[in-house]
Ligand SMILES: Nc1ncnc2c1ncn2[C@@H]1O[C@H](COP(=O)(O)OP(=O)(O)O)[C@@H](O)[C@H]1O
Ligand SMILES: N[C@@H](CCOP(=O)(O)O)C(=O)O
């Protein structure tokens, strides 16, 4: 690739994966975004971070977005630029179950693709972007909604994108503590009872109907029941497990967001007032719209 100063801006949404019974399959894009400005030229690699992860994440070649961009340049088949300069404005909290790592990975691949295409005409289609993001992240249920927006059902070779009914309002309840996805995945058993797998299959199917049709709270409550992951992870986040249980006992369809420890509640006009009294004062309550379109890419001169 020609060494040439060129800048691209990528905006990626937070995502909530699993949604209860849809382990490693269902995901929802939320209206809370990270923004990264990426440029290549002759300069050394340097990363500036504002917001989540500032002072914590690597600020050079070890930064997740830089590593992802380098992997993407290799996959696209273009020469590596000497240095990469990133300015990150991070609004998605890290290690809370809101897909911050997927947002970073998607940003890196989309930035690399846009720069490679602009500089050398290289083409890397959307299916390849999704496959590479899934390979890096390890599961598709965050990267799919991050790329496509809305409510996504992903499987090993594809994504179906839908939109939830407008009367269903996601509310995320974010605790002050973290849990890494890696640690939470380590708590899952090798095998689960057949009866639990059968319940989850039924609930996941019901959830897609419950989220896209006219909301009925009793159906949403049944549809958000999970038996595959939440109970096994509860010992690593007892306050989260307790909040999910208390909200559900009041009739609020609540689940662990991704691998936790954030709680996602599907608020409807019937249940919106029941959430706040259950949430601890050091937790953040954030009602969010669904992001219907997913990640965006712009060259600054076209903004
Ligand atoms: N924007 C980012 N820039 C750099 N590293 C990031 C970024 N977002 C996430 N990460 C890395 O990913 C980790 C969180 O990933 P993970 O445990 O999968 O949680 P989640 O994706 O649910 O927030 C962070 O601790 C950090 O190391
Ligand atoms: N299906 C994954 C989802 C992880 O989401 P994250 O936002 O916590 O990274 C899992 O449950 O492990």
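From the backbone N, Cα and C atoms, a Cβ is placed for every residue, glycine too.
Note that the coordinates shown come from a computational prediction; the quantities given were computed from them, not determined experimentally.
According to TrEMBL, the feature domain 'GHMP kinase N-terminal' maps to 64-150. The ATP binding site feature in TrEMBL is assigned to 93, 94, 95, 96, 97, 98, 99, 100, 101, 102, 103. The feature domain 'GHMP kinase C-terminal' is assigned by TrEMBL to 227-276.
The least crowded of the binding-site residues 95, 103, judged by other CB atoms within 10 A of its own CB, is 95.
For ligand 1, the binding-site residues lying close by, meaning a CB under 6 A from one of its atoms, are 97, 101; the full candidate list was 93, 97, 101.
By a simple count of nearby Cβ atoms, those within 10 Å, the most crowded of the binding-site residues 93, 97, 99 is 99. Cβ neighbour count for residue 101 (ATP binding site) (all protein chains, 10 Å cutoff from its Cβ): 22. Secondary structure of the domain 'GHMP kinase N-terminal' (64-150), assigned with DSSP and counted as helix (H, G, I), strand (E, B) and coil, comes to 55 helix, 8 strand, 24 coil. Excluding the listed site residues 93, 94, 95, 96, 97, 98, 99, 100, 101, 102, 103, the same chain places 14, 92, 258 with Cβ atoms within 8 Å of the centre of the ATP site Cβ atoms.
Averaged over the domain 'GHMP kinase C-terminal' (227-276), the predicted model reaches a pLDDT of 96. When the binding-site residues 93, 95, 97, 103 are checked against ligand 2, 97 have a Cβ within less than 6 Å of one of its atoms. Counting residue by residue with DSSP, the domain 'GHMP kinase C-terminal' (227-276) contains 23 helix, 8 strand, 19 coil.
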